[in-house]
Amino acid sequence: MFTKQLSTPFNKVLAGIMLFVFALSYFFPLVADDFCHLNLSMNNGGWASVTDSYLNWNARFGDLLILFAGGSLTGIYLHIGNALACGVIFYFSHYLIYGYSRKGAKDAWFLLASFVLVSVFSSFGAIFLWRAGALNYSWALAIILIHFSAILSCFRRDVNWYQASSPLSVALFSVMSFFAGLSSFDLGAIGSILSVFACGFALKSRASTWRVVIPSLAYIIGFLVLYTAPGNQVRAANNPDEYTAISDILAMLISGDVVEVIYHYLRSIGNAMYTTNYGVALACLFVLVSLFKFSFKQLDVKANRKLWLNYLFILLLLPLLLFYFYEKPSGDALGAIVLFSTLLLPIIVLNRLLTENSGFNSRYYIVLSVLYILLIVDISAFTIGVLPSRRAYFPAALISSLLLAFMLVENRNVRLRNYIVLPIMIFSVTVLTLETYGMYGANMNRISKHQVGSDTVFDEPSYRLRMPQYYGWEALSVDTDSWSNQCYADYYKLRSVKAAKEMKELPILKYLGHLIAM
């Protein structure tokens, strides 16, 4: 029976994704922050390092776990963890959309398309392979998805382990929920809002009330512990231009400066959009086309006229608010207007689908509307706090990929799906393999030149593939005083280290030639 389950297309694809990530992680070296974390753990001990980080820098669960585990969370344990985190993300993303009952060939395509699109639209190396990045992003998202999948199963009344678990198991699960809330600023905030709704709905419907309420409260408490951590203020002091507290926004609202709040919101979203890729824009475009198609087929003429008038009103109003200030608004802020103004459409569609029995493939449009609303809300989280935008944008990249994969899989044109997914998969696998192998080779060359206690200079020029979405860490520089160089030197017990030349980017063919000559 177990062998038969493993042989399904769904499980084969899931296993293939995990094995691929494991192989990449196996060859991916330690970089940048990894050396700093390991040095702190070795010098100060796990608990002392955790306390210092919470009070003075980073309170996210991933960072705290890295410091607590120290050198024990490297090598094979890290590689297995990275593969499992990736598998959990795509498995439970599928569950949240389709449920447990769907495990056929169509679902295997959904897994494959989702993974391929995420690998193209996100900082893949920095999120899934890099030790510091993986624990803060892919591992964090994995436990968040486990938490919400268990909560959702209570409302779906799925028969699973959580429904049959003992009070002790629920208590232990709630501990994990606490760490899930502690692991992410944007998802912690959004998840806390969803948790409040989940508690209210559970109390009203009496659907496994205590199994929903206890973990949900633990999640909210975890986020509050993260948000109120003293280290956030220290970090904010080092990034004053990027940090905006909730108290700052409340002060603007209390003073009646609503225009300033809207301007800040649009500018922040625009900057966040600028630092990511085209995945979000592509997903938004296709979803909006589908939802407008729905509106024309399902809404009467009066409702359609009202929808379009509201949409055009917002499109006209928001630029006027931006130009209210003397400084010229950026193109990114103007782009954010278009994105935000479209939030009205899925809300109208979702309201109609949930209140009326339309029969117009309602489940398809409900999924599109819910995911799209979550996407806009997640992007909106960038208006508050200090978030490293390229990697913290991972949830938005994932939601965009899920949207596009869902639309591809549900499309009746199978050839179109194959023509899109398979070429992108070949390209993605090739690029990820080349980038990881290049980093592995460069790292082995550097290690071969180490001499304990010496001033080490790496004479060979450093190259990386011109695919910036893979990266997200600080490379070794020509400055011996840079923090990444110092952490590297301390870890390998060198007096100092520097690169002879700054790293350069190469197009794929030249980079391939560089790897052959390495």
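Placement of Cβ uses the backbone N, Cα and C atoms for every residue, glycine included.
According to TrEMBL, the protein has these features:
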- 12-32: transmembrane segment (TRANSMEM)
- 64-97: transmembrane segment (TRANSMEM)
- 109-130: transmembrane segment (TRANSMEM)
- 136-155: transmembrane segment (TRANSMEM)
- 176-203: transmembrane segment (TRANSMEM)
- 209-229: transmembrane segment (TRANSMEM)
- 278-296: transmembrane segment (TRANSMEM)
- 308-327: transmembrane segment (TRANSMEM)
- 333-353: transmembrane segment (TRANSMEM)
- 365-386: transmembrane segment (TRANSMEM)
- 392-409: transmembrane segment (TRANSMEM)
- 421-440: transmembrane segment (TRANSMEM)
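Most Cβ pairs under 8 Å with the transmembrane segment (209-229) belong to 176-203, among the candidate stretches 109-130, 136-155, 176-203, 278-296, 421-440.
The transmembrane segment (136-155) shares more Cβ pairs under 8 Å with 176-203 than with any other stretch in the list 12-32, 109-130, 176-203, 278-296, 421-440. Same-chain neighbours of the transmembrane segment (421-440): 20, 24, 27-29, 31, 109, 112-113, 116-117, 119-120, 124-125, 129, 408, 463-465, 467, 470, 508, 511-512, 514-515, 518, counting only residues six or more beyond its ends whose CB sits under 8 Å from a CB of the stretch. Remote same-chain partners of the transmembrane segment (64-97), defined as residues 6 or more beyond its termini with a Cβ less than 8 Å from a stretch Cβ, comprise 14, 17-19, 21-22, 25-26, 30, 37-38, 40-42, 46-47, 49-50, 53-54, 58, 107, 110-111, 114-115, 128-129, 131-132, 134-135, 138-139, 141-142, 145-146, 148-149, 152, 182, 367, 398, 402, 406. For the transmembrane segment (109-130), the most Cβ-contacting stretch among 12-32, 176-203, 278-296, 392-409 is 392-409 (pairs under 8 Å).
Listed stretches 12-32, 176-203, 392-409 were compared with the transmembrane segment (278-296); the greatest number of C-beta pairs under 8 angstroms is found for 392-409.
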